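The annotation region 'Disordered' is assigned in Swiss-Prot to 1-27, 61-81, 965-991. If you look up Swiss-Prot, you'll see 144-178 marked as repeat 'PPR 1'. The repeat 'PPR 9' feature in Swiss-Prot is assigned to 478-513. Taken from Swiss-Prot, the feature repeat 'PPR 14' applies to 654-688. The repeat 'PPR 16' annotation in Swiss-Prot covers 723-757.
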Amino acid sequence: MLQPSPPHYSSSRDVRHHHHHHHHHHHLALSSKARVFPLSLPCNFSSRVSFKLQLHCAASSSSSVSPPRCSKPNPSSRKRKYGGVIPSILRSLDSSTDIETTLASLCLNLSPKEQTVLLKEQTRWERVLRVFRFFQSHQSYVPNVIHYNIVLRALGRAGKWDELRLCWIEMAHNGVLPTNNTYGMLVDVYGKAGLVKEALLWIKHMGQRMHFPDEVTMATVVRVFKNSGEFDRADRFFKGWCAGKVDLDLDSIDDFPKNGSAQSPVNLKQFLSMELFKVGARNPIEKSLHFASGSDSSPRKPRLTSTFNTLIDLYGKAGRLNDAANLFSEMLKSGVPIDTVTFNTMIHTCGTHGHLSEAESLLKKMEEKGISPDTKTYNILLSLHADAGDIEAALEYYRKIRKVGLFPDTVTHRAVLHILCQRKMVAEVEAVIAEMDRNSIRIDEHSVPVIMQMYVNEGLVVQAKALFERFQLDCVLSSTTLAAVIDVYAEKGLWVEAETVFYGKRNMSGQRNDVLEYNVMIKAYGKAKLHEKALSLFKGMKNQGTWPDECTYNSLFQMLAGVDLVDEAQRILAEMLDSGCKPGCKTYAAMIASYVRLGLLSDAVDLYEAMEKTGVKPNEVVYGSLINGFAESGMVEEAIQYFRMMEEHGVQSNHIVLTSLIKAYSKVGCLEEARRVYDKMKDSEGGPDVAASNSMLSLCADLGIVSEAESIFNALREKGTCDVISFATMMYLYKGMGMLDEAIEVAEEMRESGLLSDCTSFNQVMACYAADGQLSECCELFHEMLVERKLLLDWGTFKTLFTLLKKGGVPSEAVSQLQTAYNEAKPLATPAITATLFSAMGLYAYALESCQELTSGEIPREHFAYNAVIYTYSASGDIDMALKAYMRMQEKGLEPDIVTQAYLVGIYGKAGMVEGVKRVHSRLTFGELEPSQSLFKAVRDAYVSANRQDLADVVKKEMSIAFEAERECSSRSGEEEEDDEEENSEEDEAF
């Protein structure tokens, strides 16, 4: 009985999991002829190795199996017609799990060729190995290299490197020498697994046995180099082979690829560089008659079509179109047969380098030579035209596949669906899906998230759900695809739909969610600001048997830090460290930024120091947050200190950091220092950004340096990067310097640039117009803001409106009354203010719109509301409506106040009702009404309107008596100065 493999030859993955599963295998005896080295791979694998088999089988049975996705699949090798007993044996093996018993029951004496067929027809590595061991168990069996090649290939394709290594050692001790085919096959399977250096070590071993690679092996090495992006090395190897040399240049290749073969206890590179050569040296080196040795350095030329195809693809991917074309021409000249793959490769090479017409002409040449295009040919042309933006041509090639008698394959449908989905062509996508349904073709699993994303982006969430549910009826999606589907919903904030998909897996199939699905679901909750749900999901992960990874911790931590939930973030960070996961720089950066936003600079500094202690190097984002935080707080010395530390640590400062530094200097008015930093930014690639320029503009504006500010502003203009802050700062500067014409020019430019988009920007321009006395233009702008843009007004807006009311001649008592109504948030205060303002500016249509809002329901029993209605109707010339409003006011029990009397006397004057004016005048004269300049002025203006200038002059004299000339003068002057100061401060504050 064979001995089990020693523990040190089992893979690290088996060591971690061997205690979970047990598997029974048949015990087979080997003949004396088939000598097996004690360390060879036995048929009764150790529990560690058997776990792999069991795990593999379990995974295959539980995971989704991609259904056939084209109406006419390519025939498999099982469709080949074999003579004799082979077909019946294959059928028996297919229907049996007990391979050994089945083979033994047939009692057949198979020839080596028939044995080869049975080995090749097995689809799983375990079955290949069991059939092989059965053959070895017969005394008549003679080991041969072809059988070992089949077994080694099966193990390599399955990534069973430990088993392959043991099989190789067994092969050597059975005296079976590898051939060129063996080496070529090993290079191929290792290369396809991404183990480039390990693959090439087989060629080195080949050289030690004095074998020289044949053309097939050479082409395999070239393909490995090509697929790993090592185009120059591939070219050197090919040319070296032609000259009779082998040029591998192993030292320049990374020792361990990204998939980490170095992680296992006995890693592949160590095996290939030590154990492998040791085994090879134990046997006498024999030169095979079938292979040329390295001493034969006669020039060689490739002769196989497959070799030329590989080389053409190599030069195409390397961008060496001339070399690819020369090889194609050489094939034509030297008589090397050209096949469909050759043309496909040339078409792809030409098309991907922008030569679509040449690609099209190659298709015609292909047909002229009698070489039929296959589905892949049309797939290539379809993708090329789609990439070029010619969707109609791409779809034409899709339709042509069936026209010429071919069948679209998985790649075809995936490509056409992705193309249409990217361009949001919903109807066309559904037409393709309908055609696939008619031909009983299922949608490829990888296309499901793409189609769903198109639906969701177009607001067709119901259709997206229907597609997902339909696909799930007969197919279990992989975790990767499920995560992609959840992410489609997450990106649009559709957390309920994402949640349904997430929990649906557990409810429908009883499977636990993968960590990737948890990570995306946490992202979905984060996007929807449902942080409690995200935390709850995270806390329940372990109970469901899924452990968080670094991505889980980092995502959750950054989500919490992003919304300044620092306490929860700290707890996650502590748990992350306890679990052995190392937070990345982005994680620390998010937390430091959160502390800075909250003004917790000392906590930010503590975390920065902890970050350095754990060996995580701070990046420019970390330093930028700290520098900006100190700059905003006016702590210039600390900001500069961290800037110097950043330079000492060799971290390149970006524009954000330098802008923060300028901001710090601006806070304390250090112009020269700010200039130095700004000049440094000018010398950098792309120059200063708009944020840095705005910081410098602000500093110049505060210091009143017009020329330098204009220079910076003009530079922004030339680059087309002026933003709202740039324009506002320049308006503030010009207005502060009394340069109102220039301020208005900037305001006009800002308006034309389309940057008037929010309340703040409108306020800035309106304040500028108000300061320049362009009251009507200011009101037009306000109407655009209020009615057309429907922006929410803020206190800055109303400050400007009250300034306009004062400048528009509205009685000061009326302005105060409206301002009080606004401050007290009285109902309908805003339409009362706007109606009064538009009336004062002569914009009666706008005024009546606002008045309609006041009168559409019950007018509030407030003086400000009735006064606004009376004033609006009076100003627009509708005397009857104004008087009706006054009468309704009295009916409501509201006595007229000074504002009402002023508006009422104006109505009398416009209507020519002199007696009415006289009544108010009389009450004012005899003290029945409180003396008011506004009311005296209203009476005087009413007499003028009624063509009684004589009475207007009388009122003027009475005003002189009531308000002594000197007091009137000083008071008026003081009020004007106070008003001007108030207006100026209000206008300035709007900036």
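Sequential numbering from 1, following the chain as shown.
In case you wondered, yes, glycine gets a Cβ from its N, Cα and C as well.
Secondary structure counts, DSSP: the repeat 'PPR 14' (654-688) has 26 helix, 0 strand, 9 coil.
For the repeat 'PPR 16' (723-757), the number of residues in each DSSP class (helix H, G, I; strand E, B; coil) is 26 helix, 0 strand, 9 coil.
Per DSSP, the repeat 'PPR 9' (478-513) is made up of 28 helix, 0 strand, 8 coil. Confidence annotation: the repeat 'PPR 14' (654-688) carries a mean pLDDT of 82 in the model.
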